[in-house]
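**Q** Please see the structure below; I have some questions.
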């Protein structure tokens, strides 16, 4: 069984074709600049050279046609016919309260996704465009929606409700939803597998640390709390996002800087985080170089970042009544030994202690804590595409 996984953005489309018999990636690629000049598809099939296909793509439907043609091309394709595609799994950012698990896409599901678009105006519309374009081109192939928010629908009310007038929740569904759920679920399950313990017996804190970042408390295999909230802005300090802050700052800035809500949103989402603090970059590699050169603001950015992650780890250990494993994943979590070390320093009271030799590794599935500590620290590369493919396979 071969499953095509798609992640549609506003002007891009990432894809993987996976053979589910052995979970081998048969092809991987990216369509970019959809709807604008310079559109192209970067495509690579297993065992073949990378190719770049430069061709106008007026919309997602055109892009998907080009991707499918690349997949069956006799020179650089991965399959002989589109008939080999058993299903398409789509990443969908926001499922609201409606979807607590992945679903086969129907007209009813598409209508519900449109209703959720107010909650994720930048992400859900292109996700839906990708689904509809695939349905037109592959009308007999099942489509499955896999939601970033679904894993967190198990959170109790005490975790997801804001202390605002309850009527605002009833009227506008203002509550905490959480994101990165597919990644958090994948690494939590993988941690249980590595530790050779039932997931039902484990209290896991999963740290997804990329340019966007979130932490989830996973108790017995279910999400009981997570750092992102109504939007992906809440929680940790990120590459360009501020994370937690006093909400009164919003109206203060509007008054003092004479700016509107869109401009404040841009500041909080695109000009803040380690980029705003350091004045250097949103890329942690650049910030680490600046620190070595003696840049104090770059050091401050890292200090604030590490402290915020530590606070959440401590809070979630308290919430779950302990912690058996802390997992680091995503770009920074997987590839920065210094980040893992700095976050874990001072957490010995939770049974957390890094082994510096074991920790000196990047992008490899491994345990990086000392052998004698009760709480295990793991590095687990996330694989959201495989997780989406597995969810898709389970539904068809």
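Note that Cβ sites are derived from N, Cα and C of the backbone, with glycine treated the same way.
So Swiss-Prot says this about it:
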BINDING   7, 384  Mg(2+) binding site
BINDING   14, 208, 209, 210, 211, 212, 283, 284, 285, 331, 332, 333, 334, 335  ATP binding site
BINDING   91  substrate binding site
ACT_SITE  148  active site, proton donor/acceptor
SITE      180  site 'Transition state stabilizer'
SITE      241  site 'Transition state stabilizer'
**Q** So among 148, 241, 384, all listed as recorded positions, which is physically nearest to residue 14 (ATP binding site)? Use the C-alpha atoms.
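**A** Checked the recorded positions 148, 241, 384; minimum Cα distance to residue 14 (ATP binding site) goes to 384.
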**Q** Can you tell me which recorded positions out of 180, 241, 283, 285, 332 are within 10 A of residue 148 (active site, proton donor/acceptor) by Cα, answering none if there aren't any?
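**A** Matched recorded positions: 180, sequence order.
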**Q** Counting Cβ atoms within 10 Å of each candidate's own Cβ, which of the recorded positions 91, 180, 285 comes out highest?
**A** 180
**Q** Looking at the binding-site residues 209, 285, 384, which ones sit with their CA no more than 10 Å from the CA of residue 241 (site 'Transition state stabilizer')?
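**A** So the list reads none.
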**Q** If one looks at the chain holding residue 334 (ATP binding site), which residues at least 6 apart in sequence have a CB under 8 angstroms from its CB?
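**A** Expected: 328, 362, 363, 379, 380, 381, 382.
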**Q** Calculate the distance in Å between the alpha carbons (Cα) of residue 91 (substrate binding site) and residue 7 (Mg(2+) binding site), and round it to a whole number.
**A** 5
**Q** At the Cα level, what's the spacing in Å between residue 283 (ATP binding site) and residue 180 (site 'Transition state stabilizer'), rounded?
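**A** Counting only the Cα atoms, the answer is 20 Å.
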**Q** Taking the residues 14, 208, 209, 210, 211, 212, 283, 284, 285, 331, 332, 333, 334, 335 listed for ATP, what is the greatest CA to CA distance in Å, to the nearest whole number?
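**A** So the binding residues stretch over 24 Å, Cα to Cα.
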**Q** Would you mind reading off the Cα separation of residue 332 (ATP binding site) from residue 180 (site 'Transition state stabilizer'), to the nearest angstrom?
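**A** Just about 15 Å between their Cα atoms.
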